[in-house]
Amino acid sequence: MADTESSLETANENVEKRDYPTKWYRSTFYNMTILGLCNFAAPGIWGAMNSLGAGGAQSPHLVNVANSLTFCLMVVSCYFSSVIVHYIGIKWALIFGTMGYAPFAAGLYTNNRFGTEWLTLLGAALCGISAGVFWMAEAAIAIAYPEPWNKGKALGYWLTYRLSGQILGGAINLGLNVDRDTAGKVSYTVFLVFIALQASGPFVGLLLNRPSKVERKDGKKVELAILRNPWFEIRETTRLFFTKRFLLVVLWIGQAVFAEAVFFTYLALWFSVRARALGSFVSGLVAVICGNILGNYLDRTRIALKTRARSTFYLIVVIQGAWWLWATVNVTRFRVTKPTYDWSSHGFGNAFAVFVLLTVGFQMNYLFLYFFITNLAKDEPEIIRYAALLRGTESAWQAVSYGLTSIPLFAQVGAVYFNFALWAVAIYPAWLVLRHFGRDNESVVEHHVGDLTIETGAVRRSVEQKTTDGGIVGAGKAIDG
């Protein structure tokens, strides 16, 4: 008994240690910065182009078809991404994932300037093949690299770079189109900057540390690798998808990410060129602030995990419902009146504000999805598999959303109606998973502290309560499929 108490005290001391000596170029902050810069150069700039409304095109339909193709292929590449990690490692998987974004930007440039359509679709296909691997790799790194007490802040910091692309895109576009108070396509000069930035992504990725080289303040090593054979990985990834705890979250993932195509199409349909640029800029700034506030809140270990999880869930449910109701009223009226809002137009504030708020909701939902996945994964390989499943499921929903919004009637009103309904039906299944966070610990999970392995049960519960109080990675992996 005395040995058990001594082990518990040792475990407690090891977990609480926060001043382990680290080199700045091996630290988690350094690596999250590099990861953020990769995010900025790849999906961040992709988001910047989409935030122009329909990729900057006059009509959203071709670009929505291209985006649907991208996300369809991302479902496949996400599914096989753990196999790719097995062969080339997580760092090179991330680098490979950045390579397909620049061709997509080139396709949008040629379409915008010359009316070429085939390169837009080819670029979308190349982007889809690489981006699925990138999304899995960056998600796994963002979850596995930071210390337990820094995960929420690290996620908010990392996702800030993605929105920085949107903010930059909006600022550039606003400067180039400030006098354009009518509908139309944006200046093609914008895309030359975007292509250059996206082409830099693989080179930035070279600066990332491999997991074995990362130095954390708690002294723990990061072991983010796939060691089993590829067919085992495919079977395990498939098995995890069909577990009850993941399937219950699928609709919640859907209501979160379906929205992106909806509010960007909303921006493209009903606003002038310069108002679209302003929307991209302002919504990105507001979303950055709100996302980082949420990340800091989720790291407040003085507040019980159960309280943090449930209060965040309630907040997102309520505000998303309010914003979808607002958007529903707007688009129902717009379909009849066919407006083009400029910032000097009467009623601009009402039409514009809901776009900004839906963008904020998307960012908060996105960060909260990582909270879910972090509380489901039992070990490092599962982090990779769950990250692949999360990103693959996101991609499937976004393929559907961009595909449907390429249909004119659905783009105008149907997408908002559908997303509103999806939000409503997703709440209860997600709650069935989330209600266990911070309360139950029945899963057979091992808690590793240095060289000490503590089996789950009464001892594990005692250690987790004393040490992490369920930090963002804490207890709550109870719903097994």
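Any Cβ shown, glycine's included, is placed from N, Cα and C.
Record features (TrEMBL):
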TRANSMEM  28-49  transmembrane segment
TRANSMEM  61-80  transmembrane segment
TRANSMEM  92-109  transmembrane segment
TRANSMEM  121-145  transmembrane segment
TRANSMEM  157-176  transmembrane segment
TRANSMEM  188-208  transmembrane segment
TRANSMEM  246-271  transmembrane segment
TRANSMEM  277-299  transmembrane segment
TRANSMEM  311-329  transmembrane segment
TRANSMEM  349-371  transmembrane segment
TRANSMEM  416-434  transmembrane segment
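When Cβ distances are compared across the two stretches, the transmembrane segment (92-109) makes no contact with the transmembrane segment (246-271), since fewer than 3 pairs at least 6 residues apart fall below 8 angstroms. Beyond the ends of the transmembrane segment (349-371), by six or more residues, the same chain brings 139, 142-143, 152, 155-156, 159, 163, 252-253, 255-257, 259-260, 262-263, 266-267, 270-271, 275, 278-279, 282-284, 286-288, 290-291, 294-295, 298, 309, 312-313, 316, 319-320, 323, 326-327, 330, 334, 339, 341, 343, 390, 394, 472 to within a C-beta distance below 8 angstroms of the stretch. By number of Cβ pairs under 8 Å, the transmembrane segment (311-329) is matched best by 246-271 from the list 61-80, 121-145, 157-176, 188-208, 246-271. Segment contact is absent for the transmembrane segment (157-176) and the transmembrane segment (246-271), given fewer than three CB pairs below 8 angstroms at sequence separation of 6 or more.
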